[in-house]
Amino acid sequence: MLCLGIEGTAEKTGVGIVDEAGNVLSLRGKPLIPEKGGIHPREAAEHHAKWIPRLIAEACRDAGVELGEIGLISFSRGPGLGPALRTVATAARTLALSLDVPIVGVNHCIGHIEIGRLTTGASDPVSLYVSGGNTQVIAFNEGRYRVFGETLDIAVGNMLDQFARESGLGHPGGPVIEQLALKASEYIELPYSVKGMDISFSGLLTAALRKMEAGASLEDLAYSIQETAFSMLVEVTERALAYTEKNQVLLCGGVAVNRRLRDMLREMCQEHHVEFHMPPPEYCGDNGAMIAWLGQLVYKYRGPDALEDTTVVQRYRTDEVDVPWMRESEAGIELPPDILAKGAEANIYRGQWIGRPCIIKERISKGYRIPEIDQKLRSSRTRREARLINQAKGAGVHTPVLFDVDPDGGVMVMEEVRGTPFRDAVEDTELCSRIGEAIGRLHHAGIIHGDLTGSNIIIRGGDVVFIDFGLGRFSDEIEDMGVDLLVLKKSLESTHYALAGECFSRVLEGYGKIIDADIQSKIREIESRGRYTD
């Protein structure tokens, strides 16, 4: 059976034809290039209405098939621009009715992952999905693709486009910035904002525009924007990789064509001894083939949609969709024998300190980061982590005993905390409440952990011990407290979806015994700023 897929979530119209075996028979597309400014939803819809019929005819001709040989119609149901989505859905319904064939609406983001898996052979990767409208770190768990991290404000592609527009470089901004960066002479420091596995680009964009207004060269700014933003992207992917212990990384989405980002991610994968995958460039941007292939999968495992169920969903979350064709791989990361564990930031070794067993945490230099970013992060995070660990003890929170710290070398020597990671004990509701109280004590003391995941909370005997304060900081702002707790919530949802709701409710219950602020409202407010969250 042949499936014809129609893509049009934003400014690119795409049509593809794919058979049941995953052979791409044709791929046609037409982007909208605005004369000035960004993409207007109405103009995108008009563009799709004009080009969908033409591209369908061209795709059939390329595939050597008649339109009547198409057995299934698939279309992007969301997420995306409302007018654009509705135009695509109307075209898909009309075509399905006229051909008297079934129709399925599919998730655009999952389409990128599935065409990536199809074309690269990746089986169960951590996916970094980067485009104009989306920035997510995604991995499969418990029947769905879970979002382990994402932008808290604007997508990386949107950030690049906005800078290009404001600086007169035109649209799309990514390719122009990539070329300008090759001519740079120096790095200009810009905000580096990683919060657990989430990231923020708005501060980076604002700072870059101010530097431009102050006279900084566009070449240096282009280079600095890329190095800062892409280092953040690779770091959060690295964090998800360490957390999930998967052995593959897939780069997908329109920004994936950037050579510098590809090289940085490949370097990180080599450091972690895992596979790196990226689809061919023609499948990175929005395209009809990814929609057609996902349509084949959805139809095979779920069947067709009723016509009344083909409405569009502008804020269609990746983690709303069951993916019954996926299976979690049992393969994991194989580390060299001398490394006890490898986190996103550091290698962990066992050692001896004046005759006592200890853990050596070494923040190794990251080959994917330029020295100006790498050295600053390694030394500043080491200094800050040591202070946070010690001050947390003063707040009545258990943390490892520090034996020695070398900030310039990025090395910390501390006791080994042996116990059960919280991720393996989330069903214990009383424990969840006690963890909430401990987080409350940290926040009451002005300590933000920065990476509250189930791996960084250890249950040792009857004690709750917090480790890895590498992303921590000192703050008494309720915004930072909310983000800290949101990191924990998303970590729970990513790996224990069925238990996450009850567990996090108990965490907040315990937290409320220490902190009187309306933290739940703050968390909901922060969540509402994210991409495609209700």
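Including glycine, each Cβ sits where the backbone N, Cα and C put it.
Marked as region 'Kae1' by Swiss-Prot: 1-325. Look at Swiss-Prot and you will find His108, His112, Tyr129, Asp286 tagged as Fe cation binding site. What Swiss-Prot lists as L-threonylcarbamoyladenylate binding site is Tyr129, Val130, Ser131, Gly132, Gly133, Asp161, Gly174, Glu178, Asn258, and the listing cites sequence analysis. The domain 'Protein kinase' annotation in Swiss-Prot covers 335-534. Sequence annotations record features per position, and here Swiss-Prot assigns active site, proton acceptor to Asp451 based on sequence analysis.
Gly174 (L-threonylcarbamoyladenylate binding site) is surrounded by 24 other CB atoms, counting those within 10 A of its CB over all protein chains shown.
When the binding-site residues His108, His112 are scored by other C-beta atoms within 10 Å, His112 scores highest. In this structure the alpha carbons, written CA, of His112 (Fe cation binding site) and Gly174 (L-threonylcarbamoyladenylate binding site) are 19 Å apart. Annotated Fe cation site His108, His112, Tyr129, Asp286; additional same-chain residues within 8 Å of its Cβ mean position, judged by their own Cβ, are Thr9, Cys109, Gly111, Ile113, Ser131, Asn134, Cys252, Gly253, Gly254, Met290. Site extent for L-threonylcarbamoyladenylate: among the recorded binding residues Tyr129, Val130, Ser131, Gly132, Gly133, Asp161, Gly174, Glu178, Asn258, the largest C-alpha separation is 18 Å. Counting in whole angstrom, Ser131 (L-threonylcarbamoyladenylate binding site) lies 9 from Asp286 (Fe cation binding site) by their C-alpha atoms.
In this model, the region 'Kae1' (1-325) carries an average pLDDT of 96. Ranked by CA distance from Asp286 (Fe cation binding site), the recorded positions Gly133, Gly174, Asn258, Asp451 have Gly133 at the top as the closest.
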